[in-house]
């Protein structure tokens, strides 16, 4: 099929752009209302998508017919093996595969065009039509949009090509010894796909995965990590990512994440007793715990900047600083110095390399593995959060070696110092610094004239959405909107290619809804820190809990993270809109905080445990949904560079922890009897403020 004849099967971007402009003019002069505009534009989009889908089905039928004919040839070849004909048949299957790749590119270009016109419509009218349109069409039983975004039916074609190429290779190598791809799970595993699969099949798998938009638990958990990334990579970018990827280096990054979370929470059950031992008030535990977060506010920035040039060096530095910090924390007991204790925790905060961990996943893990790696980051964090307090309850001992004391207060420091020393040795031996990235590009590439250009795929189905300069000139003559498209294209290109160079610049890119979501993130981290950091003091005052009891309680809270995310990611998020889950979770956090107050009646263990569970679980649900939304609406300019979206979210959460820990210490001056209510009042105020802000921006949330 020629390029000119193919043009009519693409989404008519020019027509729809003119429609949007005409709608704007009609609404301004009062000859049209919003309801009719939405209805008319929906009908136009439906017809455009139907045109794409019918062509897609027609081409799938032709591919299926070719595969059927090749299957008949394969049956004959099985009876009379001929090496030359085997090679010829393999090339025929590969030719079908290459045509399928062109078809996938056709789908990709139309999906991009659809996304751009929806974005333009929302920008012109200030209405989240894209959200309404996709949600109403995507899950309908007769949805044609599913064909574009889920490419229904293509999997069967991919399967036929994969199986027959594998069988032909087996016939060629083993002289007819039949081993099906279905008998070898490794064929479907992404780690082994490059080794076992035919290059054409691997390219098809990569294209399909690029276009996939999963709503599974893995996707939900992966967005929890908030590793910002560009929209779609080019084939050259994918190859570059494969070269940069090193499994052991990724594992070391995840181990760093796990150990840091263990390091953060291992001292929580004993921080109050340690403070008392050194002559300070029990509520100084807020400063002891929070000093790590204070240092992390600054360390996140320099680690993010350092990761622009290297990954191994900041990880080595992080390990050394954490080794020193934990040693000082343990030595503070024998030195009888609260100052040494605080300095040790500050050093631990200065060693926070979570910005490097996130950045490594975004930059060095191939797109096909990035969601799994992001989910691994979240799982490692959750596991560390549970293991930290659990380890603390095992340190019920007291002995000396030379002049050094080993007891429940100092052992967390000694154990973590040893863990970081072992990690440092492992890092030095096994980590591989990725090669420098030489190209930064995105699909679709756009020229300075605002047109789409082809990217390293054979010309067949790769016709650009805006065909050539003549088309653009024609477009300008017809509707005078060419300059706007050029500006939009250059603006989009700049946003993707130029990272921001300061926190102030990054903040200016935030829309009101994004600012509200960062406020929500601040609120949930504040509420969680209040709950966790003061738990040992509160339970000791009201219930006379031992260190072991506090540690078990905190470990049980940490263990709820993954089960809760499985339920939300697999079920709740598929039933309700994410913004509905967001608002409901905020309300539940508020209810949990209210139930935590000690008013009139005696404070009981069921009240404390029940309210803590409601607050913590709701905050965990809220964090996952909030970051899932945030990852989709954050500016693409914040996907890279030092001041990226991951850094902004980290800083918001860290600042919340700092303020929460400071609140605990300041409230301690009023006495332990008033600590609970005094710390809950600001948490309640911030929570109510976030709920109000969410209600005002509810319609702008995806």
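Glycine is treated like the rest: Cβ placed from N, Cα and C.
Any TrEMBL annotation is an automated prediction that lacks curation.
Since we're looking at a predicted model, the values are computed, not measured.
Among the features that TrEMBL reports, compositional bias 'Acidic residues' is placed at 473-493. Look at TrEMBL and you will find 1-135 tagged as domain 'SPX'. If you look up TrEMBL, you'll see 468-495 marked as region 'Disordered'. Residues or ranges marked as transmembrane segment in TrEMBL: 250-268, 280-303, 315-332, 338-356, 377-399, 411-429, 518-544, 550-569, 581-601, 680-701.
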How many of the residues that make up the domain 'SPX' (1-135) does DSSP mark as helix, as strand and as coil? 120 helix, 0 strand, 15 coil
Considering only Cβ pairs under 8 Å, which range in 250-268, 338-356, 377-399, 581-601 makes the most contacts with the transmembrane segment (550-569)? 377-399
How about the transmembrane segment (338-356) with the transmembrane segment (581-601) - do they touch, taking at least 3 C-beta pairs under 8 Å (6 or more apart in sequence) as contact? no
Taking only the residues in the domain 'SPX' (1-135), give me the average pLDDT of this model. 80
Long-range neighbours of the transmembrane segment (250-268), counting only residues six or more past its ends (CB under 8 A): 274, 288-289, 292, 311, 315, 318-319, 322, 326, 329, 345, 348, 351-354, 356-357, 360-361, 364-365, 373, 376-377, 380-385, 387-389, 391-392, 412-413, 415-416, 419-420, 423, 426-427, 430-431, 532-533, 535-536, 550, 554, 558
Counting only pairs at least 6 apart in sequence, do the transmembrane segment (680-701) and the transmembrane segment (280-303) share 3+ Cβ pairs under 8 Å? no
What stretch in 315-332, 411-429, 581-601 has the biggest tally of Cβ pairs under 8 Å against the transmembrane segment (377-399)? 411-429
Per Cβ pairs under 8 Å, the stretch of 280-303, 411-429, 518-544, 581-601 packing most closely against the transmembrane segment (315-332): 411-429
Take a look at 411-429, 518-544, 581-601 and tell me which one has the most Cβ pairs under 8 Å to the transmembrane segment (280-303). 518-544
Could you tell me what the rest of the chain brings near the transmembrane segment (518-544), counting residues at least six beyond its ends with Cβ under 8 Å? 265, 268-273, 282-283, 285-286, 289-290, 293, 510, 550, 553-554, 557, 582, 586, 589, 592-593, 596, 598, 603, 605, 608, 612, 615-616, 619, 622-623, 626-627, 630, 648-649, 652-657, 659-661, 663-664, 668, 672-673, 675-676, 679-680, 682-683, 686-687, 689-690, 693-694
Please report, as numbers and ranges, the same-chain residues at least 6 past the borders of the transmembrane segment (581-601) whose CB is under 8 Å from any CB of it. 520, 523-524, 527, 531, 542, 568, 572-573, 607-608, 610-616, 618-619, 621-622, 625-626, 629, 676-677, 680, 683-684, 687-688, 690-691, 694-695, 698, 701
Which residues of the same chain, at least 6 past either end of the transmembrane segment (411-429), have a Cβ under 8 Å from a Cβ in it? 252, 255-256, 259, 262-263, 266-267, 270, 312, 315-316, 319-320, 322-323, 326-331, 344, 391-392, 395, 397
